[in-house]
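The transit peptide annotation in Swiss-Prot covers 1-25. Summarising the annotation, Swiss-Prot assigns active site to His300, His346, Asp401 and lists sequence analysis as the type of evidence.
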Amino acid sequence: MVFFRSVSAISRLRSRAVQQSSLSNSVRWLHSSELDLKSQMQEIIPEQQDRLKKLKSEQGKVPVGNITVDMVLGGMRGMTGLLWETSLLDADEGIRFRGMSIPECQKILPSAESGEEPLPESLLWLLLTGKVPTKEQANALSTELAHRAAVPAIDALPSTAHPMTQFASGVMALQVQSEFQKAYEQGDISKSKYWEPTFEDALNLIARVPVVASYVYRRMYKDGSIIPLDDSLDYGANFSHMLGFDSPQMKELMRLYVTIHSDHEGGNVSAHAGHLVGSALSDPYLSFAAALNGLAGPLHGLANQEVLLWIKLVVEECGESISKEQLKDYVWKTLNSGKVVPGYGHGVLRKTDPRYICQREFALKHLPDDPLFQLVSKLYEVVPPILTELGKVKNPWPNVDAHSGVLLNYYGLTEARYYTVLFGVSRSLGICSQLIWDRALGLPLERPKSVNMDWLDNFTRLNR
């Protein structure tokens, strides 16, 4: 068996690669004056195509990891095997969008006139171009998305189905409008131009998913009274408005929510599913619908609703004024019964999720006296030491799901069953951005090699 480098050496190289990636991306945080996003992409894509060709020809045989039997048996966890340009996840620092941390995004990206949180449109511009947009560019993109947001009637959906089932079905219903499928079937488009109809589909899809998602919400929980889109509002504010929440703070929360949930590199189930299906040249509607079906799984996108339900169970059994000592006992009882504390731990992160921290800062500013937020704060103090003492958890710290439900609940969006739909709307920005780059870079059909246990037994026996 050939071991290219030790695991520790690979780990050091990966850490250095993350640092270098952040450094190289920082160079691209420069503004440009072009207001049209597609024109920006037309300038950038040829440079990145050349970069990929050079990387493949000059460094194509350089090993980037050491595959172990554990990785094969463990769902490929930790295996480096996917190109994902829009974001990179570091175990210590958390997610970086094109090299920018969440605090940097909050500080640098344009916000609404009356708000402080980044506009999702400004993050979308960053994800696609690697450049920070001007306020004018973000506003222009906001206007463009509003103009693209027309959605055909989807009343055939059963109103009793799970919100995610309705949401994914609604996205599939939009697929008949795919520009990519139309161009491919006509056969008059070259491979180098695949990204252009993909761009049209991606922006149309990003524009339309809040309309579909709010339609599902109003249909299920508000007697079907639909609130039309207001093209004077930005993306996050419009989504909040169409759901039926028009307070300035809820609109600000929605901007923050969409931004921090937009992307989390390419290895998670929804991102990988979207990339995998897209690699077959399925259009963005089909690819994103596949991503949503992955997101609907209990091990991926349902955690945010499970956290809120668990917190409400704590209140129901122990009261809102539960002390830290009582809370410790409750957490131990939960763990000793074979259950987990939802919202704690992460497959990659080894510190508190920065997405949790920025939500906590929002709560400290806007709802410091809310009883459920105070309970979340107590859990932040109580749970990590207990999980550390337990000794079976690599990351005892809270993740993004530990906080989001309490914020949404405070502003009146109390239907926890719907929360994964909000997650899905947010993920459209990252997944669709990467689909454009997948086609722009000409990435191939994904087709990993699989083996059986006999193969693994024989291989390990020969290489002991």
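Note: Cβ is positioned from N, Cα and C throughout, glycine not excepted.
Keep in mind it's a predicted model, so treat the numbers as computed, not measured.
In the structure as shown, the Cβ atom of His300 (active site) sits within 10 Å of 15 other Cβ atoms. Cα spacing between His300 (active site) and His346 (active site): 11 Å, rounded to the nearest whole number.
With all protein chains in the displayed structure included, the most crowded Cβ environment within 10 Å among the active-site residues His346, Asp401 is that of Asp401. In this structure, His300 (active site) belongs to neither helix nor strand by DSSP; it is coil. Across the structure, His346 (active site) and Asp401 (active site) place their CA atoms 10 angstrom apart.
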